[in-house]
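> Got these off TrEMBL a minute ago, pasting:
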type	residues	note
ACT_SITE	654	active site
ACT_SITE	697	active site
DOMAIN	564-759	domain 'Lon proteolytic'
């Protein structure tokens, strides 16, 4: 029987030697200006950012704290600096209809220049236009027009009066207007004189009067036409004067912006619109209080000629990079704001506000995928914008209004922007599986690993990371020992001697906390002692439940043996997650067997306390017994497995090796060592497979044994595949160095039998086979018509 040798202490913990560093402290190191590692993700990001084809937007996948946001910020900033600044986007009033503000773009910075220049021109127009209705020149022109048409008035009436006199009538004014009165020698006839005339004379006067009345009506019509012509002439004079003023004010603008045809065309439209609304600008109209009736809003009249500079890229050096931390619909796509006027909600094109998509247009927009999905309408609207290559500002409240309300329908803005979403793997898989549009619009996945290879180059980068954090937050520098302890903790967090964790958020916190202890102890440098204090403090803040459960074990409320031997009982190991803190504790696993038809009862499953992966591990044990002991005869035993005093969900298959040893012990009636805890997964062929949380499990059993007193015989049996994952607490390593505790590793079930049973594997299996044969014979004797598998 070959004795199983405990692992040497060199394999229990990877050590970073401080003497390998050439620097005295981190002040001698160059600061870190780019992300560490993540070559796969960086390659994907660079590909997506360089790809101009449709749909090659980016989804960053990885755990929180792995540097996704800082990495994309760094790469985007670098790339954006080499690209041209995007255009400015502006809105102007819809001079034709009023409800559909028009959008247009200008080169970066030109929009602001145009806005300022046009605002100044409009201010001057607001001062000059009212003046065209006053002043000597205006009055003279008005008097000339009035005199010209009054002359026409007089001519019409003079001709009519002469004709009336020739026919014995005169024109007189009355309350009802001009009337024709019979006359003799230019003097109106009285009613009595008219009545004294013969019927023939009266008939002659009436006939002439009727003819003259028709001519009078024609004259009055002609006079009205003359009045209309006068008003038209006066309006044309005012229009020409206003047009001349507008022409003078806009002339410089046309010259300054001659390279932008849309602007010159809009200035022409503004000039025409201004002359069309001169009546609103007369001094008696009180222009300061005029409400733009065409817009239905509260804006002053002159605002209709202003420019709403929606996006101003004058100060943008390169392409914009926008991180929107609250991706609501309105924060992404902009909004139409309203004000109150006489109790009514009113708006105008000047109240259009840009969203993050507008600000990022021509560059890059970064969003948290989960936040995006949690905001109503935002995700679907984003996909719609990507599909149509447009950004629309819409009043989403219209969908919930009972009564329709007039609102603006601004023209869309052309979209050219790379969208980057940040999320975790489950969310990415959910979107990929459930949303057919997702894979069309987010074709590139950048996968951030939770860890990276433990190489000297990476160790040097981590030292620079420390230096950068110290410089950024004005912290005391780390000396060599502090850096070495920090690197060791990075390996511990990675749970692999060959890897370093990529959880840079946690590492940054560790730098801050270790520096706090250094300052508290009035140390000029952060050494290994302060790093270890920070790690211990993190553990202490989270291990209340661990101490409670371990106390219950120490007081034997939870029954667990750490010495002696017992049949069918073994100490398994479990990992508990308590918030951010994970810890390991032993758990008694028991097995009972009896003759009967083949059946393996998982008590946790029957009690609905077993997760699927644990169920699978138990089912695999049935396969092991069938493969190992049922080649010549059926397996004829009933067995039950139980996690004693466990009342929560049991998950994972890492207890299947311990459960197998407990079953073998119960069948062979061989006692198992209780001072050895076992963890590991086993397959149907008896091969031992790696499990998670190996460090926490070993440390959990060590802590209990230490409380009860180390005997020098206690230890933990682990899979050989987990040796590379060992990064045990220095206290455990010291105990192993002094032979007060042990860690053994095996790669198959048989290798652990001599340690646990003090017998060779062949002898243990022979006893198990003999027991199974006895069970089978007993079953056949009691029920010969039944097979063991019935």
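Quick reminder: no glycine exception, Cβ is built from N, Cα and C everywhere.
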> Which residues, sitting 6 or more apart from residue 697 (active site) on the same chain, put a CB under 8 Å from its CB?
573, 574, 575, 584, 677, 679, 716, 718
> Tell me the coarse DSSP state (helix, strand, coil) of residue 654 (active site).
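For residue 654 (active site) - judged by DSSP and reduced to three states - the answer is coil.
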> When a 10 Å sphere is centred on the Cβ of residue 654 (active site), how many other Cβ atoms does it contain?
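For residue 654 (active site), the count of other Cβ atoms within 10 Å is 28.
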